[in-house]
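J.: Please find one structure pasted underneath; my questions will follow.
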């Protein structure tokens, strides 16, 4: 059964009155000034996933001014390439200090010019894999936009707001919110000062809500809390040239046209960008003893062809109550079959309150042991077990993948943010085992 949502739009575009509609994976219909006249308007169909024997297809139809295809191949040039395939895997634990944001006006960087690939696995030509990027910028994209031919971007702003204009409308995305820009969608990013964040890119799959299993109908990230933009357009000529940038097979290509690409006056379908506020996540946790699997904190997943195995999961560790009895409550020491990339949006992560800082990151390779640092272990081992708030004022997250990731030269050297003393946080740990203790 298809659910249709008809949305009204605004007369005046403003970042203070952006309109969105709620739901995940629904089919929407939206126009700037209903009803939209067809005269002088062309129709464009965008597929995100095609299907023949079923209706499980991601698609959107868009009404826009003629000329949408004029930039296809005209004057394209390439620049830059993610290089994680060039470097050997590091069977180790890595941590980065907060990534530095260049100061304007000495070094102006927008979202595209401040985009750096940190690590990844697989490659886009085979339509299987992921990449983790960092963006640092201090100026808005001016008369240029980006679209990703390789896969989907899950964007996690850590510092500064992002006003993202897409062909489907506008989204204001703030720290503690995320947005997903799916494959092929053109967008431009306006910022309001020094801005930093993380991106998870997936090739060959789209993000979905995780299956809830015994949890039932409600819990984790609820579909009603995902927001989709309302149609917005501009009929603007750009005599100096508008640059359309394509990310294709890991390289950036650019072409020029003399009009804004954000000329879509109406659209309908279920293949859209969307945003989500992490504060709306309904936390599931242990109420008796021991830990549940961290998968209970999964917001979105990009499934692989193997049942139960994800190419990538987006997992958060939000504020919650800790009540487990006879239990070491911080995250336990472990090895597992997933690669774990972690970032911190705000606050202090309970397992490593000192070295792991907002705007920084860590990478724990699969089957490499890791867990709380020595300070956390000592405090938690002596703490009185009573109900307590965990991670108050904090939001940490994890990009978790079944793929084995390699790190780029930028991540290892050029960024100059690698914490070479990370391993020392575990050195003070000592054995407390006493075979005579009853």
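Placed from the backbone N, Cα and C atoms, the Cβ positions cover glycine too.
In TrEMBL, annotation is done automatically, which means it is predicted and not curated.
If you look up TrEMBL, you'll see 91-278 marked as domain 'Homogentisate 1,2-dioxygenase N-terminal'. Among the features that TrEMBL reports, domain 'Homogentisate 1,2-dioxygenase C-terminal' is placed at 280-433. Residues or ranges marked as active site, proton acceptor by TrEMBL: 291. For 334, 340, 370, the entry in TrEMBL reads Fe cation binding site. Per TrEMBL, homogentisate binding site is recorded for 349, 370.
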J.: If you count Cβ atoms within 10 Å of the Cβ of residue 349 (homogentisate binding site), leaving out that atom itself, what do you get?
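T.: Within a 10 Å radius of the Cβ of residue 349 (homogentisate binding site) lie 25 other Cβ atoms.
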J.: Starting from each candidate's C-beta and looking 10 angstroms out, tell me which of the recorded positions 291, 334, 370 has the most other C-beta atoms.
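T.: Of the recorded positions 291, 334, 370, the most buried by Cβ count within 10 Å is 370.
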J.: Specify all same-chain residues, apart from the site residues 334, 340, 370, whose Cβ lies within 8 angstroms of the center of the Cβ atoms of the Fe cation site, ordered by sequence.
T.: 331, 333, 335, 336, 364, 368, 369, 371
J.: Over the domain 'Homogentisate 1,2-dioxygenase C-terminal' (280-433), what is the model's mean pLDDT?
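T.: Mean pLDDT across the domain 'Homogentisate 1,2-dioxygenase C-terminal' (280-433) comes out at 88.
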J.: Rounded to the nearest angstrom, how far is the Cα of residue 291 (active site, proton acceptor) from the Cα of residue 334 (Fe cation binding site)?
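T.: Between the alpha carbons of residue 334 (Fe cation binding site) and residue 291 (active site, proton acceptor) there are 12 Å.
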J.: If you measure residue 370 (Fe cation binding site) to residue 291 (active site, proton acceptor) at Cα, how many Å is it?
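T.: If we compare the Cα positions of residue 370 (Fe cation binding site) and residue 291 (active site, proton acceptor), the gap is 16 Å.
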J.: What is the separation, in Å, between the Cα atoms of residue 349 (homogentisate binding site) and residue 340 (Fe cation binding site)?
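T.: Counting only the Cα atoms, the answer is 15 Å.
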J.: Between residue 291 (active site, proton acceptor) and residue 340 (Fe cation binding site), how many Å separate their Cα atoms?
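T.: A Cα-Cα distance of 18 Å.
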J.: So if I measure Cβ to Cβ from residue 340 (Fe cation binding site) and keep only same-chain residues at least 6 apart in sequence, which ones fall under 8 Å?
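T.: Looking at Cβ-Cβ distances below 8 Å from residue 340 (Fe cation binding site), excluding near sequence neighbours, one finds 362, 363, 364, 370, 398, 399, 400.
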